[in-house]
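**Student:** Pasting a structure below so you can have a look.
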Amino acid sequence: MSNGELLLIDPVELQFPFELKKQISCSLQLTNKSDDHVAFKVKTTNPKKYCVRPNTGIVTPRSTCDVIVTMQAQKEAPPDMQCKDKFLLQSVVASPVTTPKDITPEMFSKESGNHVEECKLRVAYVPPQPPSPVREGSEEGSSPRASVSENGAEFHNASRTYAEPQDSSSEAKALILKLSEEKNSAMQQNTKLQQELDFLKRESSRSRGGIPFMYVIIVGLLGLFLGYFLKKT
């Protein structure tokens, strides 16, 4: 647990019950113990590996906010089950009228003279818990509370570049875009089929007024074949 002036962060070590080819989530609780509105932003050293929801937000005075951190399914296990990934949670006092959409990177810039609190969060892999009939109804991704041994060498490695992790809304937008493209393609195919159907209807109407066009083609082919056969004989 990290006890800053603005936010109380629990836990400071994100524990993932590691399993291959499985998406795993854990929760992070932010408690605003001040009388001010607090804006926060979550960054990570490996933004392609994790999805954070929400990765930015506002915590109202004397309230809490839950943040879900999801690790994408991994194809390979890391050596010795050690993870060097880290997260950085930044917080700053915001105006009471500020909304999550109003949050900008400049709010967390120390160069602008803002008082920005920062908390570094470690990532640890823990063995997955065996299935239990009592815990079948519990939600996957709940934050384990079991303590694990700390690795101080990883925690002090602060020379990494933090970046904002992915937000689940971006995945939803990509899915909507893909579905829209598929819908447009289906509509184009439908229009093409309708045009071909109209063409066949017109050809059918023409054939009713005289000799069918297909019949003429068949007779012509038979005539050519018969002429070729007579020459051979």
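Cβ coordinates come from backbone N, Cα and C, glycine included.
This is the feature table in TrEMBL:
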- 176-203: coiled coil (COILED)
- 140-150: compositional bias 'Polar residues' (COMPBIAS)
- 6-126: domain 'MSP' (DOMAIN)
- 126-152: region 'Disordered' (REGION)
- 211-230: transmembrane segment (TRANSMEM)
**Student:** As a test of reading the model: what is the averaged pLDDT for the coiled coil (176-203)?
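**Tutor:** On average, pLDDT over the coiled coil (176-203) sits at 77.
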**Student:** DSSP-wise, what's the residue breakdown of the domain 'MSP' (6-126) into helix, strand and coil?
**Tutor:** 13 helix, 61 strand, 47 coil
